[in-house]
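Asks: The active site feature in Swiss-Prot is assigned to 10, 136; the stated evidence is sequence analysis. Residues or ranges marked as ATP binding site in Swiss-Prot: 95, 96, 97, 98, 99, 100, 101, 102, 103, 104, 105. The compositional bias 'Low complexity' feature in Swiss-Prot is assigned to 292-304. Under the heading region 'Disordered', Swiss-Prot lists 289-313.
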């Protein structure tokens, strides 16, 4: 069986971070929303026994067993006693290590595809498996926008209206941020007294005044160029702009699709004129994760389109 789905990127509209726990993780309260952009994940399950293979065309450094999607497939096979060969192909569109959840979303997409292909309906077991793979993975198994608590495993549905966004990802390797470093910088800032800890608060109805990210200040302190990117977004008309997750991607909220498109073009123009290498992405939040669908060849899709267009109107 061969299945395909979109592995959507996400942004954090709210990210509140509690003190470090005994297990080394932090308690979180975060509002995550999926976007209408992401990676295309193609999963083929063979009737025969065999290994897990994962390829990312054009990104050979992401091929192989260390890819989170491949690790998700291996974990699924162990948990549910499956030895059938699995082939994963990822068309990568979400920037890597960008604070947009690309790897976690790919992993969740693989779990969803395998669950459908192999008729696994134990949602609780899948959720537990997702948390073992990564803190953000359970969110991508859920129905859509959600408040997440704990490490990210306690999810509650959130109502978020469609938001038009412009994302700016700095391609400069010197601006890359590892998630572990972002949390460590926050702990150090709090220990020094330069950043006071916040109460995590309770999940509630989304409103723009909630927008915030506890990791932003310590990351900007070490990567001041991020502040310039936030300024680009506000200067282009964003009603608000923050960093997503552990960065380094920043995003702005715009009053409509047209305003967002114009801002994206303006920022791209600034980038060509000298603003350091950045990737500018236009996105909109969505209310549910994409469905898993059977794979169809481009030829069959084209023939269906031709049949539809030839019908009398």
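For all residues, glycine too, the Cβ spot is worked out from N, Cα and C.
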Asks: Quick one: which residues besides 95, 96, 97, 98, 99, 100, 101, 102, 103, 104, 105 have a Cβ within 8 Å of the ATP site's Cβ centroid, in sequence order?
Replies: 9, 94
Asks: Looking only at 97, 105, the binding-site residues on record, which one has the least crowded Cβ, with the fewest other Cβ atoms within 10 Å?
Replies: 97
Asks: For residue 136 (active site), which of the listed binding-site residues (95, 97, 105) have their CA atom within 10 A of its CA?
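Replies: So the list reads 105.
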Asks: Can you check which residues sit near residue 103 (ATP binding site), meaning Cβ under 8 Å from its Cβ, same chain, 6 or more apart in sequence, and list them in order?
Replies: 67, 68, 69, 96, 134
Asks: Among the binding-site residues listed here (95, 99, 101), identify the one with the smallest other-Cβ count within 10 Å.
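Replies: Minimum Cβ neighbour count within 10 Å, taken over the binding-site residues 95, 99, 101, occurs at 95.
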Asks: Name the residues of the same chain, 6+ apart in sequence, whose Cβ is under 8 Å from the Cβ of residue 10 (active site)?
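Replies: Residues satisfying the criterion: 32, 33, 34, 35, 100, 101, 105, 136, 139, 140, 244, 245.
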Asks: Count the Cβ atoms, other than its own, that fall within 10 Å of the Cβ of residue 136 (active site), considering every protein chain shown.
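Replies: Total other Cβ atoms inside 10 Å, all chains included: 26.
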Asks: For residue 97 (ATP binding site), just give me the three-state DSSP call.
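Replies: Reduced to three states, the DSSP call for residue 97 (ATP binding site) is coil.
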Asks: How would DSSP class residue 10 (active site) in three states?
Replies: strand
